[in-house]
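TrEMBL lists A:28-45, A:51-68, A:75-95, A:101-121, A:128-146, A:178-198, A:228-247, A:259-282, A:303-332 with the feature transmembrane segment.
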Amino acid sequence: MRNPWAQTGNYRTRYEQDASIFATHRELVSLLLFLGFLLVLPQFLSRTQVFILDLILVYSIAVLGLNITTGYAGLINIGQAAFMGVGAYTAALLAPAGLPFYLVLPAAGLTGAFFGYLVGIPSLRVKHLYLAMATLAFQVVFEWTVGHLPLLNQGGAMPLPRVSLLGYEVGFRNHYHFWYYVSFAVLVLLALFFRNLLRTKYGRALVAVRDNDRAADAMGMDPGRTKLFAFALGAFYAGVAGALYAYLSRAVVIEDYTFAVSIKLLAMAIVGGLGTLVGSFLGPAFLELLDVNMEALSNLIKALGFSVAGVDVASALRPLAFGLVIVLFLVFEPRGLYNWWRVVRSYFRTWPFRY
Amino acid sequence: MAQLAVENVTLTFGGVAALSGVSLAVERGELVSIIGPNGAGKTSLLNVISGFYHPKQGRILFEGEEITHLSPHAITQRGIARAFQNIELFSGLTVLENLMLARHTHLRYGLLQAGLFYGRALAEEVRNRRLVEEVIDFMELEPYRKALVGNLPYGVRKRVEVARALALSPKLLLLDEPMAGMTLEEKEDMVRFILEIRARGTTVILIEHDLGVVMDISDRVYVLDFGQVIAEGRPEEVAKNPRVQEAYMGVEA
Ligand SMILES: Nc1ncnc2c1ncn2[C@@H]1O[C@H](COP(=O)(O)OP(=O)(O)O)[C@@H](O)[C@H]1O
Ligand SMILES: [Mg+2]
């Protein structure tokens, strides 16, 4: 038999093997090593640094969901933050009632999915800009409703209780570390779930309605049902992410789930690479780290008391950098960071042989 | 009883009749061709049969069941498959994935099984993959299996279009100009495929401009002109029909 470790190409001989996710042993091992690295990483970081990783993980889950709806199924959604909000408020209502977090998370996903299904209904009739308006309408209705509901404290802070797991109390010192591991596990689980879906009829159906919904119809699949499924599944991921965000910030406030956040999630998906699984992690990581660095830089500028013609350069820096990066990506690398990753990977696939 | 019966079908687009009072009957296992000049309504007839358009008048029966107002996917599920005249493939997917999509309704597993890719889902994928590989072998598409459809040359895409319809395992196959724009060699291959498909027991309705091919391989021929059937019968009968010769003057040499 061939030495599987020296394998640089695809020598699959059975359909079962062809259906497997990793082309080579090396790829699988590299991924496992990387996951192992992520598991020990927080032990070497400060609480604030772990908090940033927490945000990246949680946003990755929401962006993965957005990629399902918009990237894979091609249904534009500019209300993903509202679906996160639905999940967050589900957590804000269920957690104080005593439901443990590991039940709150799937419940938040299901409420998200339910609203995703409803919001998806216009996608049966309209496309493109009109669908964008429909999802925007949901975002607006969500914000307005929360702002007027006494049950949801009219958008003001709704605290979440402390959690515990198997007698392990999560307190101030280990809060961010705890949610790092929970978010990490949830992200790996949900990513694996979707990666599996991609090699089954559910995944193919998403791409089919994106590429050609007439032909999808001729294949015997109901394009309408597939679109509703794409919305529901994408919103499920958002709902779970919203609940995690709620636990992470110990409270739910409407500001965390506004239209601006929806745009941020869309930007993350585009920068990472729309319609790619890996891009769902690269985009949030890149934009969050950029934001942190710009914040540090702007604090530095503030400390130096530097200003140009009375303009507050420091506070303008973060939104400017964000906008600039998105424009640069749209113009120069519309396929996103995924494309860079692809190039690097194909280099290492043949390494150490070069030709 | 005919396997497919189109009865007195009329289809209009904003007052203009694409089909007026068209009737057609196809027996199980037949190879029936539809000919006629451009704009005669041939594609419209296939659109009505496959549910993309619904007729203003008349009805369509497939194996005794009325399918006139069913949606395309419901009609596909009943065993009618279609290869489009203007290739309608999933260009962002590989040949293999395009054909696996045709197995969509045959893949029986649930969302959770799919997400875990375990047991039932894996077994069903492998079983249907085997079937798709047979179609790939049959249509001689082996070299293109993993190629993105969007990157393939026209002639090959035409063949993938037919292969995908075949992967639906249909009882009735509708082919809309499958040889248009092909080289002579590609055409000969396609004729061979169509004859083989028919020999395996699948009913075929073929739209084709090349009268030589049509007269050679069809059991019966329908001639459409201005949305009406102007002649019907065995190839040699139709060829002698004066109205057909008139309709084809200047259109075909
Ligand atoms: N979607 C449509 N909208 C308006 N007119 C159409 C449409 N589809 C077909 N037609 C008209 O119906 C007639 C028949 O077209 P078609 O069935 O494509 O002819 P053929 O396939 O025989 O060339 C033509 O006059 C065409 O312009
Ligand atoms: Mg036509």
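Backbone N, Cα and C define each Cβ position, glycine as well.
Since we're looking at a predicted model, the values are computed, not measured.
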Do we see three or more Cβ pairs under 8 Å linking the transmembrane segment (A:178-198) and the transmembrane segment (A:128-146), pairs being at least 6 apart in sequence? no
Answer with yes or no whether the transmembrane segment (A:303-332) touches the transmembrane segment (A:51-68) by the criterion of at least three Cβ pairs under 8 A, sequence separation 6 or more. no
I'm a bit unsure how to read this: which one of A:28-45, A:75-95, A:303-332 has the highest number of Cβ pairs shorter than 8 Å with the transmembrane segment (A:259-282)? A:75-95
